[in-house]
């Protein structure tokens, strides 16, 4: 009996010798292969293995599919630790290699498994050759491994998803009367031909023992090899099996016929025959024969791949004696071999590449893709020699070409009980979800294809398609498969054509702008034509049942989704209207208005029967109404009674929303832009039935009206949050923030003048004012501030740096008069990617009058500002960048009185001051899109008083003098606390006020410093100044070293 013969590996017996080459390790390889450029992958390494181009592997690589993340299993002899497998090979055997001896005791290494593994997945590193799935990992186990480790069961339970089997049982070879091998004219031995009926019968006799062995971890011996394969297939693995090297008149043996006993695993089984480089079946290759319905062909003749060889370290013999003496080395290299053993790993590599390409597909579906996209060879269709044909990665990466049922298999090759499934069930699970849970091949779907994928092949066959999972599948080809199409979850987008009926149920959605035979949307099923806005064509009937959904997208230019069918039956269902908002309206000066538009959303040639239940917009500011007109269903859009400011939550938001409300236009764009919606005279009295049940008359003609881009963008809001985000960005708060900051930071000028006067009076002040004996002085200014946002206004950050200069002189012995100037630069970072900068030029007068211990100080300053602002507007699909340059001026007057109270321990000065500040900006004209703002000349003022106490003291030691100073004050603001600016959108007159962060009514003034006199010429100083309140915090720090020469 065939199965009782000793298993032996189908090496390259009778197929000639192979060459051997060695390479050394290389520097890090820079792959020239590029996405979208198949020819860039054809390097010297690629071209050394002719099978890669024969299966069009370069097209898969150019799409980014290389087997990455996939693990290949190999059942063979032990795989050598070759550099081509560095970091990617796991061995599950007992650690020994396969060696053989001839009659003279010469020893050789069994590198068959090494050669096979290289064809499937050798690395692409610029050296030698590379495998089909060069980024895949490999797990290898020995076919005959009689140690304590059960490597085959470990392989079944591993992450390997495809298992290569390049082994088999050879038939007898005919011999002459002398016992010598009979050779055929082509140089091949004359193998005894297997007989189909006998092979299948032998398989059936082994069925019970094979099945019993597969139901538990598979032991070695007996029928364990076939039990291993059956168990692996039922655990979700794809089994790839070499057909055998028993001449092309022969057929595969019993192991390859396992699906005849177990048809449930046929879809997980692939037999592979050997092609020459001329696309002919090799004379050595067994034909597909009875396995034709699950057989393919692949290159297998003279294939260059990884090998190993035993070599003597001493130049002596390579035999058992030398091995025992340790004189032999096992060296990796490359060589050529031929046989179906070399063809099978091509298909294994193809499967790994496709498993990366279609991460959601099961092994049986990958098998279907491989078979149905194979290039037909020989007799048209499935045939005895080539089966489905030569594997073709270029086509395979574009999805299946047939949904197979038994009707698609020629009767002579049909395996009873196989291809029983009528539907190809594809689960596009959504990114991050689990596929094939509870199996050894369970995995998390993490690539982009898990959420969206497209198949571009033309799909035929007697089967149908069932779409499940939350993701989207797009069919781009001309699909003529005869089975039904079901959409049970997620989205099926028909952008080519599907001849069959489509049934949509549960949470499924039919979309696209192609053609279907007919569709029926059941409860919870949805139809959403187009990809964006488009038309779905239906050759026959479009049917909506109660509880179904028709999702219609409309645009402001009169375009809308549409269904074009022969007939429509409306048994209920809802029309859900959404607005196309992919267009950036803010980049336009004028937009077509959505309001008043009439759309045709369903058109037929033979009539509409019934009505939809309702129409449901998901927008608070628009409402829709349906219009039934003979063969068509129309839809109109009008404004609801809700005002924009009804969804605003703050005064700034409400102010902007009310201004946008005034932007609604009522004039047509142009006469030629009018779009008429013709209504037959008999239908003029028809009423539009809105979702609220109100009857509204249909206008005979609707014109496209010019709308303001901002107004039109507001119509698409679905929530209060969207409106609030938009109004905050449109408000132009940065201008109010800059005005507020300039008023706040005017204090640095009056503080500097006051400090200089106190310094000249002999009071201890900060040493950051550097003065000479002639009254000239200078001060470097550096500060930063923060305004805390509130419910109405976002906060902002400021920084100011610059220099102030002055000159003063004593007047009448008890007074002083001076002037100051300077330059500072203020930077402000506001909310929502807005910022501003101001170049500030200062001029001021100051003076004092002393009455003994009492000092009266006063002054005034004037500042010219050159302001640059920039702000971003981004909400939904809308985006714009607005910039402005304008001038402003700040003037202030201040007065202070202080009383000097001196003691031996500390010097105190109670003080009180009063300041008035007036800010005025010139016209504001932003440059940008529709969201650009303008503002007239406007001004605002502030009055503040401060009561406080200054103190200083000094310690003298033998080597240094230390002086401490401080100031504590209470500041009070008078009048209104709001800091606001009036703005309006360009080309409109509707003004609105935008508020910055309000000023705190009361706040604290803090100053502290220390001076350390190192010697009579050097003084080291450090100081801090701050204004702190609930809404604003301004801080400055100064440090310096003064050296007198």
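Residue 1 is the first one shown; counting continues down the chain.
Just so you know, glycine gets a Cβ as well, placed from its N, Cα and C.
The number of other CB atoms found within 10 A of the CB of residue 76 (active site, charge relay system), across every protein chain shown, is 26. Under the DSSP three-state reduction, residue 76 (active site, charge relay system) is assigned to strand. Positions annotated as active site, charge relay system by Swiss-Prot: 76 (among others).
In the three-state DSSP classification, residue 112 (active site, charge relay system) falls within a helix. Taken from Swiss-Prot, the feature active site, charge relay system applies to 112 (among others), supported by sequence analysis.
Swiss-Prot lists 341 (among others) with the feature active site, charge relay system. Under DSSP, residue 341 (active site, charge relay system) is assigned to a helix (H, G or I) in the three-state scheme. The 10 Å shell around the Cβ of residue 341 (active site, charge relay system) contains 32 further Cβ atoms across the protein chains shown.
For 49-397, the entry in Swiss-Prot reads domain 'Peptidase S8', with the evidence type sequence analysis.
If you look up Swiss-Prot, you'll see 769-1045 marked as domain 'Autotransporter', on the strength of sequence analysis.
The signal peptide annotation in Swiss-Prot covers 1-27.
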Practice prompt. May I ask for the distance between residue 112 (active site, charge relay system) and residue 76 (active site, charge relay system), taken between their Cα atoms and rounded to an integer number of Å?
Written response: 7
Practice prompt. Count the Cβ atoms, other than its own, that fall within 10 Å of the Cβ of residue 112 (active site, charge relay system), considering every protein chain shown.
Written response: 25
Practice prompt. Give me the Cα-Cα distance between residue 76 (active site, charge relay system) and residue 341 (active site, charge relay system), rounded to a whole Å.
Written response: 10
Item to complete: Calculate the per-residue pLDDT averaged over the domain 'Peptidase S8' (49-397) and state the result as an integer.
Response: 92
